[in-house]
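J.: Have a look at this one.
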Amino acid sequence: MLTAQQVPSALARRSCSSALSQLPLEIRTRSALFSVPNSQIASLASQPCSSAFRPRARPPHPGRYQRYQGPTLRAATRTRSSPPPLLRTMADDHSSRSNFNDIRVIHSDFELDVNLDKKIIEGYVKLNVVADRGSPSHLLLDTRDLTIHRVELLSPLQSPTGEGGPIPLKFQLDEPHKVLGSALRVDLPADLVGTLTHGSRLSLGVRFTTSPSSSAVQFLDPAQTAGGRHPYLFTQCQAIHARSLVPCQDSPGAKMTYSAVVRVPQPLTALMSAVPDDELPAGGLPHLADVEPPYPTSLFAFQQKVPIAPYLLALAVGELSSATLGPRTRVWSEPSMVEAGAHEFADTAKFLEAGEAIAGEYLWGRYDLLLLPPSFPYGGMENPCLTFVTPTLLAGDRSLTNVVAHEIAHSWTGNLVTNATWEHFWLNEGFTVFLERKILGRLYGPATFQFHAAQGAVKLAAEVERLGADNPYTRLVPDLSGGVDPDDVFSSIPYEKGFYFLYYLQELVGGADVFDPFLAAYIMAHRHKTLTSADFRNFFGEYFNKVPAAQDVDWNTWFFSPGMPPVTNTYDTSLAQQAYDLAMKWHTCDVMGIGSDGPEGASPAVVAGWSSEQMVAFLDKLGQFRAPQPMHRTVTKRLAELYGIYDSNNAEIRYSFFKLAIPAEDDQALSATAAMLRNQGRMKFLRPLYRALHRSKAGRQLAEDTFAEVGMSYHPIARKMVASDLGIKE
């Protein structure tokens, strides 16, 4: 079983306070974020726990999680008669400069011309907006590094007959903020303002051009592609990069539908996070008549009829082909990778069907995958209708397709039910990890769910140790006020601590048989909406209002306390135990880090038949054991030789081994790590490996030299984050 004793004791102990449950909190709006003054949290969090309580004894669920023994609570006591405090909320999104709570964009029509030579996108967007509060005098949009050419009122026109064409509007770009960009302020006509009431609608048009330095867009030269013949473009808008692609209200709380017509050089293909529309508008790009490409072009049209947050806008342009995976699914990529992608992602339709069985109907129409070039900075990005995935998933044996299960799960948790602001990111990712593991458990059995849950707990402990147990960004709900960049806060905390919390709640109220219907009801009640942690708490409380144990949740500690969770979940580790036992043998064969030939009886036969996930579990657990004292390089070399690490096509196995071997200053591992850093740009691999190299005496210069060599080939987001990790100012 995974207990607090299996993680560093410093991480297993958390201070807390019953006073946390006395915070004065109240509900104000459905789409708002909640906050508690930092000074109050800091004061309360520093107080020791006055007491602890033990949960009611409950037998394990027969035939499901046999080894479950109930969570061990370390939270403060609250009597049953004391109602839980409500959470104070407020409507601002600290990561957006728009006024979407006053006047909201509900639909955008885009005209886009992609110029791969100049590395810019010429654009025009028609914005359909609705007044939500009072009589707004202006519209604020988020932008960053955009050139705004004109803004015009399209409707209602002010002439009695509606003739005369669009009316130019006054606009200005505020001084740029280094993180949030420049607010585009559009003044509405005074005579129109007086007529606006709640629900009033109007349409505006904005003509704009992106910058070659747009943080949302990566332009690839032909040499950076698999085919080597044509340039390539792809976008990554999460968290707050949509504003560098189009003028928008760049908040997850500002959902909209959209349509688009995209013009690209022949023979390239455009794809978007929408369903392709075979009926091209007759006028083409009427608002971009001033843009005349000097080469043959093609037009592609798209419709997204389900409201999405702006961070889910996505565009890719390149030499693309596809293969059908199922009636609703296909894989796209450069032609040379289509066959490999079709083989690797053959189970996509099964994942989709399992997701529907758990979470309800899939509402997005298509579920396609786009296998991107190696510089894509994430494992996957849940762009609706078109998930972007990294080629590092191409292991050849379908062993890494749990990433696809994760991105499919986002079709419900994240895309359909969305965090209102980035403070509540765990509502996207914690729920999605939970649903991902439910999908895997449904397909491969409860033990698989438990295996991934146990591995997630190991990752959570390692992440808390890396960041520091008192780091405020280890809270489920961090404070992002003051212009904090959500990218700087990104970690596995919202993923794994969020999952950990949901699993705790599941077991508290009676297990999966009770919690699964709640999960489906939660998704149904909030689909097409955004919500905060306060909203989730309220829904949970209402749903389980007759379950006494549900009243025992210490919400404030879970949401606001840094470090490890206030409970210790236990999981069935039967699938992982072989890996953990082998890790202990390798650990004890070289406790002092002075070298050995490996444990007695070590041979490839020991791991024959293991899944790649078990191999990763072995390496990660060994890395956890060796954190205080690195192994000797003779031991890591022996391990790699015995288990064929360098022959593996599985990027996760090589990554986990490199994290173990770099502190050992294993020269072969150092060289292989640098090669991995040169050949792909996935931040999950880049950042920890660069950090590990930089901490190593033998690897520090190698890290700096490698980044100097290939850093410009990384996506702008990845390049910025790695530079920060290495202490390099860009």
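First residue shown is number 1, and so on along the chain.
Placed from the backbone N, Cα and C atoms, the Cβ positions cover glycine too.
Keep in mind that TrEMBL annotations are predicted by a computer and have not been checked by a curator.
Annotation source TrEMBL lists region 'Disordered' at 74-94. If you look up TrEMBL, you'll see Gln236, Cys237, Gln238, Pro377, Tyr378, Gly379, Gly380, Met381, Glu382, Arg682, Met683, Lys684 marked as peptide binding site. Per TrEMBL, Zn(2+) binding site is recorded for His406, His410, Glu429. Here TrEMBL flags Glu407 as active site, proton acceptor. TrEMBL lists Tyr495 with the feature active site, proton donor. Annotated domain 'Peptidase M1 leukotriene A4 hydrolase/aminopeptidase C-terminal' per TrEMBL: 574-726, in sequence order.
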J.: Which of the three DSSP states, helix, strand or coil, fits Gly380 (peptide binding site)?
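T.: SS state of Gly380 (peptide binding site) = strand.
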J.: Looking at Cβ-Cβ distances, which residues of the chain lie under 8 angstroms from Tyr378 (peptide binding site) while being 6 or more apart from it?
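T.: Same-chain residues close to Tyr378 (peptide binding site) (Cβ under 8 Å, separated by 6 or more) are Gln236, Phe388, Thr390, Arg682, Met683, Lys684.
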J.: Neighbour count, 10 Å Cβ-Cβ cut-off, for Glu382 (peptide binding site): what number do you get?
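T.: Within a 10 Å radius of the Cβ of Glu382 (peptide binding site) lie 24 other Cβ atoms.
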J.: Measuring Cα to Cα, how many angstrom lie between Glu407 (active site, proton acceptor) and Glu382 (peptide binding site)?
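T.: Here the two Cα atoms are 5 Å apart.
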J.: Return only the integer: C-alpha distance in Å from Gly380 (peptide binding site) to His410 (Zn(2+) binding site).
T.: 11
J.: What does the structure give for the C-alpha distance between His406 (Zn(2+) binding site) and Glu382 (peptide binding site)? Integer Å is fine.
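T.: With distance taken Cα to Cα, Glu382 (peptide binding site) is 9 Å from His406 (Zn(2+) binding site).
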J.: Which residues, sitting 6 or more apart from the residue listed as 'active site, proton donor' on the same chain, put a CB under 8 Å from its CB?
T.: Trp426, Glu429, Gly430, Thr432, Val433, Gly456
J.: Other than His406, His410, Glu429, which residues of the same chain sit close to Zn(2+)? List them in sequence order, counting a residue when its Cβ is within 8 Å of the Cβ centroid of the site.
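T.: Along the chain, the qualifying residues are Glu382, Glu407, Ala409, Thr413, Gly414, Asn428, Thr432, Val433, Leu435, Glu436, Tyr495.
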J.: Find the average pLDDT over the domain 'Peptidase M1 leukotriene A4 hydrolase/aminopeptidase C-terminal' (574-726) in the predicted model and report it.
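T.: A mean pLDDT of 97 is what the model gives the domain 'Peptidase M1 leukotriene A4 hydrolase/aminopeptidase C-terminal' (574-726).
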J.: Using a 10 Å radius around its CB, how many other CB atoms surround Met683 (peptide binding site)?
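T.: So the number of other Cβ atoms within 10 Å of Met683 (peptide binding site) is 21.
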